[in-house]
Every structure is written in C-alpha cells, then in structure tokens.
Amino acid sequence: MKMFIIMLMTFSVIACFYAGVGTGEPLVPALIIMGDSVVDAGNNNRLNTLIKANFPPYGRDFLAHNATGRFSNGKLATDFTAESLGFTSYPVPYLSQEANGTNLLTGANFASGASGYDDGTAIFYNAITLNQQLKNYKEYQNKVTNIVGSERANKIFSGAIHLLSTGSSDFLQSYYINPILNRIFTPDQYSDRLMKPYSTFVQNLYDLGARKIGVTTLPPLGCLPAAITLFGETGNNNTCVERLNQDAVSFNTKLNNTSMNLTNNLPGLKLVVFDIYNPLLNMAMNPVENGFFESRRACCGTGTVETSFLCNARSVGTCSNATNYVFWDGFHPSEAANRVIANNLLVQGIPLIS
C-alpha cells in the first residue's frame, strides 16, 4: 500500500511537470535558494574564506567538467530541482558576474558554504550569514523591480519557490567543536536556540512577499564520513554516530513544530519541511539496495575527512567513479545521491507547485 501511494504521488508530479513543460514555461516563475554549502553554487568563490570548492576535483562530472564552486562532483539537488520545475538554466550565484539583467528574473542563489541559522557560524568562517543573504535578497528584489516593474515583480516573488537548506554547519562546524557552546547548551537546548533565527527568517521572507517556502531538515549528521571519523568510536569507521543522528532527529522535530506554528500564524503561506534525513539515512544504511557501492567513505581522497581545500587535485586515493559513492567528500553527497534526494524533494514539494 505504501509503495502504491508513493507511485501515485510520483505519477501526479510527473503529470504536473509535463503539463508545465508542454506550455514552454516553468511550473513556478522563479527559484530562490538560500543556505549553506549543500546548496552553494559558487558564492563563496568571491569570499576570503577557506570554505570553497572552485577547484578540481570538485565539478569534474558537472557541465563541461567545471569546478563552479558547488560542493560536489557534479550537480546539486537544487540543480535537479530546477530542471524538474522546467527551468532551462540554474539560479545564478548572486555574487557572480552572471547575476544581472534578465538572468535574475528566474531566480538566484544566495547560499554560502559554512553558513547557518546562527550568524556566528558563518562569521567564524567568513561566510555569508543568513541575515546578509536576506539583505542580498532584498537588493535582488529591487533589481528585478527595476527591470519589470512592481506589479510583475511582486507576482514573481509571491509565486517563486524559496528553498532554505542550512543547519548542518551549526552543529558540525560549530557546536560539536566549540567547548564554550558545549558547556552552555545541551544539543537539545542548542536546537531550541536555532529555532528563533529560523522563525525570524521565515517571517522576514514572508514580509518581503514570499508565499512558497521550502526548508530542509538536517541530514543524518552521524552518517557523514567526516562525522564518523571525527566523532565516532576509535577504530570503528563503519558505524554511524548515533548520538549525532539523535541530535538531528530532535532538531528536525522542533523544525517541523516551529514550521507548523508559522503556517498557522502567517495567512497564505505555504511552508513545506523537506525530509532529507530519511532518504540520506536509507542510502547510508542500505547503499547496495539504492544503487551504490560505498556509503561509509567518501569518494575524494581517503574518504574520511577531506572537504573543501582538503579535497583537491593532489588528494591521494580519490575514486575514479563517484556514482558508486553516496558521498563525494567528507560532508557532501555525490551527484548520484543528490539526484535521489531531489526526486524525494519533488514528491514532497507538491504543495509548492500546485
């Protein structure tokens, strides 16, 4: 019965998709992306930060084999999402030279690797804070309004899907390695602390005219190769770190509850919480059944901790075929895994495109 429901929902999405494609128009007027390295398409390239991915072997399986700044060997889940929605190009990184003129009319990408709900996370790594991403979005709105006028611009903003994917850096690159935060907050208390900036962010987006917002849950933090290496049991690199996964589950529960309250209090808002925890956990725990060979080690280098500048052309041991791997580097999914995640997002996101 469960499989039948999934198939029925998938068929509905496909039917809806082809209906939109048949008109030559995407299903929504624009796609706005905000968050961290999981969805950063190159904004960090222009920052003075170590958290970058604009060099080989990143991007080796992307279009023209270019390292665009995406933290993967190829496409991000949001790239697949843009394709499925009927867009013929991906949202341009807002800090890039391409972010001008009519290129902005179908959306933009404001995400920055190492950003988080807590602005302190981004500040520590010299990334773009979520508050600054929102300021950049306001600037973007002014540019679009100048191009097409207020009436059409407002329709673009209200009809656009706004995707937010962040939070992992708050835990993996801040809380777990910061003794001060560890001493002040339990993981549960830290999750509570992050709900306020999340609520404020959604409220601010809503005030700017956004009516379709999607936010991703945390992934199974304890199954990321770098997390297993850094926080797992000594000598045991084959098991997810359960306490980290439990922290993610707790956070995700709070995220769902907070999102429900926001939906109830903001008239006309469609807010969808995208579950990426379970699809990625399924791939990590059952790689072969999902078409993968390896889920404990990443493709890049030794597959244990390498990410960003540690994952480079000189990294010894990088795999030859990333499609066999769930993870490209120590923190980020491969293109093949991103495709699976995107397929799940499409089914879950029906309320945002209907």
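Glycine too: its Cβ is placed from the backbone N, Cα and C atoms.
These features come from Swiss-Prot:
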- 1-24: signal peptide (SIGNAL)
- Ser37: active site, nucleophile (ACT_SITE)
- Asn66: N-linked glycosylation site (CARBOHYD)
- Asn100: N-linked glycosylation site (CARBOHYD)
- Asn237: N-linked glycosylation site (CARBOHYD)
- Asn256: N-linked glycosylation site (CARBOHYD)
- Asn257: N-linked glycosylation site (CARBOHYD)
- Asn261: N-linked glycosylation site (CARBOHYD)
- Asn321: N-linked glycosylation site (CARBOHYD)
- Asp329: active site (ACT_SITE)
- His332: active site (ACT_SITE)
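For the pair Asn321 (N-linked glycosylation site) and Asp329 (active site), the C-alpha distance works out to 13 angstrom. A simple Cβ count within 10 Å picks out one of the recorded positions Ser37, Asn66 as the most packed, and that one is Ser37. Comparing CA positions across the active-site residues Ser37, Asp329, His332, the one lying closest to Asn261 (N-linked glycosylation site) turns out to be Ser37. In terms of C-alpha distance, the listed recorded positions Ser37, Asn256, Asn257 place Ser37 closest to His332 (active site). When the C-alpha distances from Asn257 (N-linked glycosylation site) to the recorded positions Ser37, Asn66, Asn100, Asp329 are tabulated, the minimum falls on Ser37.
Of all the recorded positions listed here (Ser37, Asn66, Asn100, Asn256), Ser37 has the Cα closest to the Cα of Asp329 (active site). Comparing Cα positions, Asn256 (N-linked glycosylation site) lies closest to Ser37 out of the recorded positions Ser37, Asn66, Asn100.
According to DSSP, Asn257 (N-linked glycosylation site) sits within a helical segment. Counting every protein chain shown, the number of other Cβ atoms lying within 10 Å of the Cβ of Asn257 (N-linked glycosylation site) is 12. Residue pair Asn100 (N-linked glycosylation site) / the residue listed as 'active site, nucleophile' shows a Cα separation of 23 Å. Counting every protein chain shown, the number of other Cβ atoms lying within 10 Å of the Cβ of Asn100 (N-linked glycosylation site) is 11.
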